[in-house]
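Heads up: the structure comes next, in structure tokens.
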Amino acid sequence: MLYWLFDSWLSQFYSPFSAVSSVTLRTLLTVITSLAFSIILGPRTIAYLRSVKYDQAVRDDGPKTHLAKTGTPTMGGVLILTSIGFSTLCWANLANPYVWILMVVMVIFGAVGWADDWLKIKYKNPKGLIARKKYFWLSVGALFVGSSLYYIASQQPDPAQTKAMVDLLIPLFKNWIVPLSALPLGLGFIIFTYFVINGSSNAVNLTDGLDGLAILPVVFVAAGLGVFSYVSGDVRFADYLHVPYIAYNSEVTIVCAAMIGSGLGFLWYNAHPAQVFMGDVGALALGAMLGTIAVMTRQEIAFAIMGGLFVAEALSVILQVGSFKLRKKRVLLMAPLHHHFEELGWKETQVVVRFWIIAILLVVLGLMTLKLR
């Protein structure tokens, strides 16, 4: 909205307004807008969630120290998503289909998370939405992304560009790819996209178990993916760094900026001791958006490196459940991984800050793959 206002109308009367067409400037403006939106509306959102008694249901089989969190409002992810949506609509070029795909992903996965949170609150049951229904709708969202992105890729006039938008890029090697485009009807790409998005969504959700633990790594990874989207959306940088040039990705940078500002604004209230939790409505949507951006930029492997904390949390649950079913023994004292360290005697703040340090180091490592080709 504001992008169109400044670039297409006001610039006719005052030429400096045309600077808003710069992705770099709009990225900065988006961070500022989303950060201010989250911080300003945070107290009102928390007060409303308290008034309607949207309190967190704490599992009785988790760490005993978490029982003190009973009564803390949840579903704060609504604030994050609203901030992302508002700032994106303000500063992104809304003619770009990638922007709208990300907004639809945010709505679908956010709606599933909202339903899950609401059922937990209504029935005072931390299990929430029935797994079958939950994964059906998450699958719908992931398949929508895969199908939409493949359709856009298939409409490119240059077959080489279609392949660049579909094949899996292998970091560190300039010409190594996995030819997902080899399967007919985009099946390879769509199936792979399905697993990336659903895996990312659930991994972030599993990480969201301590005050501030998930949101700052989400910000770090969004920043890393923002660099990839900026580079791949600029033909000069893409050619120099040997990454696929995908023009649509320049506007994806704006969505990454919205996630950064909104996440930092939410952390203001989610830092220990948390005044509000994001809930599944935030975690599922943010994870799905990160996965979608990774697919859009063709940086799924770099994303797995940058989001290594999320991967470790998800794997810890898989290993714990698998080991218990097969051997009747636990691998960890408690899963997900952050609870294991709590059981070892680490304080919550120690776990969170140390995991943050690991997260930022992994993002730096992932960004290094840009140059090491």
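Cβ from N, Cα, C; glycine included.
Within the chain, the transmembrane segment (28-48) has long-range Cβ neighbours (under 8 A, six or more residues past its boundaries) at 20, 73, 76, 78-80, 82-84, 86-88, 90-92, 254, 257-262, 264-266, 268-269, 275-276. Annotation source Swiss-Prot lists transmembrane segment at 28-48 (among others), citing sequence analysis.
Under the heading transmembrane segment, Swiss-Prot lists 72-92 (among others).
Taking Cβ pairs closer than 8 Å, the transmembrane segment (94-114) reaches residues 1, 3-4, 75, 77-78, 81, 84-85, 88, 129, 134, 137-138, 140-141, 144-145, 148-149, 152, 197, 201, 205, 248-252, 254-255, 279-285, 287-289, 292-293, 296 in its own chain, all 6 or more past its ends. Under the heading transmembrane segment, Swiss-Prot lists 94-114 (among others), citing sequence analysis as support.
Per Swiss-Prot, the feature transmembrane segment maps to 135-155 (among others).
According to Swiss-Prot, the feature transmembrane segment maps to 177-197 (among others). Residues of the same chain lying 6 or more positions beyond the ends of the transmembrane segment (177-197) and with a Cβ under 8 Å from any Cβ of it are 105, 139, 141-143, 145-147, 149-150, 153-154, 162-163, 166-170, 288, 291-292, 294-295, 300, 303.
Taken from Swiss-Prot, the feature transmembrane segment applies to 212-232 (among others), supported by sequence analysis.
What Swiss-Prot records for 252-272 (among others) is transmembrane segment, and it gives sequence analysis as the kind of evidence.
Annotation source Swiss-Prot lists transmembrane segment at 276-296 (among others), citing sequence analysis. Counting residues 6+ beyond its ends, the transmembrane segment (276-296) has Cβ neighbours under 8 Å at 42, 45-46, 49, 56, 72-81, 84, 98, 101-102, 105-106, 108-110, 112-114, 116-117, 128, 138, 141-142, 145-146, 149, 193, 196-205, 207-208, 214-215, 218, 221-222, 225, 229, 246, 248-249, 252, 255-256, 259, 263, 266, 269-270, 302-303, 307, 310 in the same chain.
Under the heading transmembrane segment, Swiss-Prot lists 301-321 (among others), citing sequence analysis as support.
As annotated by Swiss-Prot, transmembrane segment applies to 350-370 (among others).
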Contact ranking winner - 72-92, 135-155, 212-232, 350-370 against the transmembrane segment (301-321), Cβ under 8 Å: 350-370
Decide whether the stretches the transmembrane segment (350-370) and the transmembrane segment (135-155) have at least 3 CB pairs under 8 angstroms, with pairs required to be 6 or more apart in sequence. no
What parts of the chain pack near the transmembrane segment (72-92), using Cβ distances under 8 Å and only residues at least 6 beyond its ends? 1-3, 26, 29-30, 33-34, 37-38, 41-42, 45-46, 49-50, 54-56, 99, 102-103, 106, 110, 113-114, 117-118, 120-121, 215, 251, 254-255, 257-259, 261-263, 265-266, 269-270, 274-283, 285-286, 289
